[in-house]
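The transit peptide annotation in Swiss-Prot covers 1-46. Among the features that Swiss-Prot reports, domain 'Pyruvate carboxyltransferase' is placed at 87-360, with the record citing sequence analysis. The divalent metal cation binding site feature in Swiss-Prot is assigned to D96, H293, N329; the stated evidence is similarity to another entry.
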Amino acid sequence: MESSILKSPNLSSPSFGVPSIPALSSSSTSPFSSLHLRSQNHRTISLTTAGKFRVSYSLSASSPLPPHAPRRRPNYIPNRISDPNYVRIFDTTLRDGEQSPGATLTSKEKLDIARQLAKLGVDIIEAGFPAASKDDFEAVKTIAETVGNTVDENGYVPVICGLSRCNKKDIETAWEAVKYAKRPRIHTFIATSDIHLKYKLKKSKEEVIEIARNMVRFARSLGCEDVEFSPEDAGRSEREYLYEILGEVIKAGATTLNIPDTVGITLPSEFGQLIADIKANTPGIQNVIISTHCQNDLGLSTANTLSGAHSGARQVEVTINGIGERAGNASLEEVVMAIKCRGDHVLGGLFTGIDTRHIVMTSKMVEEYTGMQTQPHKAIVGANAFAHESGIHQDGMLKHKGTYEIMSPEEIGLERSNDAGIVLGKLSGRHALKDRLNELGYVLDDGQLSNLFWRFKAVAEQKKRVTDADLIALVSDEVFQPEAVWKLLDMQITCGTLGLSTSTVKLADSDGKEHVACSVGTGPVDAAYKAVDLIVKEPATLLEYSMNAVTEGIDAIATTRVLIRGDNNYSSTNAVTGESVERTFSGTGAGMDIVVSSVKAYVGALNKMLGFKEHTSTLSKTPLETNEVPA
């Protein structure tokens, strides 16, 4: 059964990344003509007491939303695309994105995100690095068996990809994980820049070419018909050498050539020229798809990705919210919406198969599961992305929304109503709560709704009005939590200026048995965390602690995020360096009491860590050194 609880509000048809066109008639032969949405958007414009300009939206059954151009996703063939303007979206949130510090995901969370990515319509899901650990292998395999075999009514099913270094053990492990998907892919890589050859691999150019050629051929020999090859650090590699090694892996059977700007050093003009040069000078390039993978070290990942697509790349590698190692990766939402807004006008008619109205919900899921908060001014999905505070901008928006809005919030699935609709409060019932959650895009099962309803009533008793932001915080705290090894039942805090703070905490274990502990600390949170530690008995170090108010006012709900590292050295293998890295675990909590939300966050992080420990208790990995010669 599908465990994801997110859906885009009132959606049924895919968005194919192009500006709105006149409505199709009912007699249109477009395969999407029967999927028009029968709803109408109503906009309420108001000024808050802080002088901030807000736009609220609601939906009512009436006339259709603006339709989408009748461009179809081409049938999937690994090494070619029938429509020269179609750009494949390769999402690596579950692999490169998870390498962000503190972004450790459980197997269930990875599966939820993969299902949501399929709803979004990504062409390829890089589900992980199977050789990193047994847990990673099982997560990729599960995604291949489930998401990789779920075909929608239009025949769409995502490619499920596993990453591997250029050695037989990694490649065999990747194939064993992804082979259960209808469309499996192996993505193998080896460095090609002089600095990597000299200091990391300690190999000659000829040796690396031989390894790359043999390993691509080996991947094909396993029965995998879809093999992607990446020359790591291509942005700093010698051009003639790139043309040579890429030509050799094409002859060996590669179907996609991914060109990574691994350290994010190139400028858009440079990266676009790199793609153009590879397209013009690589033997056999017409028989493969060119891909981009741009890191964000100089803040240019989105620009470089678009430049690469404009120069001929027809696959782009991205992550939700741009998460990833160091400064992150090219952001899916930015790249996709740039192509949608400017594809026809500037990029020669490029388009994607992404249903953009699932963007906000996918972004929220990744944010909650990873614990990595999206900055307010983040393009497309940031809290301020559609806020207007300047008086001049407000005046323009009141006169015509197009003066300062290049896309509508509805295009990305953003819902902001309630200002002109039903106000939720202490007298609201379960049905009203469920309806509003559905409008916001959240579908909860009966158990989740029941638990949330009583938390909603508790908040409503203390607040005159429960806002959408409050609801989203409560939903996130209820359903975006790891499987409970420990559950917070009750707690009591005594604090003040006369002495040490004291805390009594009651937790329930997975069998329902209650445990109570008391402790003192330098503050209420410190005392509570020490009491939790006395019960759980799993040593951990608190690395980060942050808190923010979801809404304004003294009665605001607070969300807390913590990042911990287990003292028992939970580790996995870094896909790029091959080194063993210590895993960190994040947790989030929400509540009107900041100490309670803090303890919920800490218990959530501990549950993640304990869940990882359980999954890897029989770990049987043997990491290969990055300079090992494949057999």
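Counting starts with 1 at the first residue shown.
Placed from the backbone N, Cα and C atoms, the Cβ positions cover glycine too.
A map of Swiss-Prot features onto the structure.
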residue : record                             : Cβ neighbours (10 Å)
D96     : divalent metal cation binding site : 25
H293    : divalent metal cation binding site : 29
N329    : divalent metal cation binding site : 30
What other residues of this chain sit with their CB within 8 A of the center of the CB atoms of D96, H293, N329, the recorded divalent metal cation site?
T92, G97, P260, C294, Q295, E317, V318, T319, G324, A330
Helix, strand or coil at D96 (divalent metal cation binding site) [DSSP, three-state]:
coil
Mean of the pLDDT scores, which run from 0 to 100, over the domain 'Pyruvate carboxyltransferase' (87-360):
97
In DSSP terms, helix, strand or coil for H293 (divalent metal cation binding site)?
strand
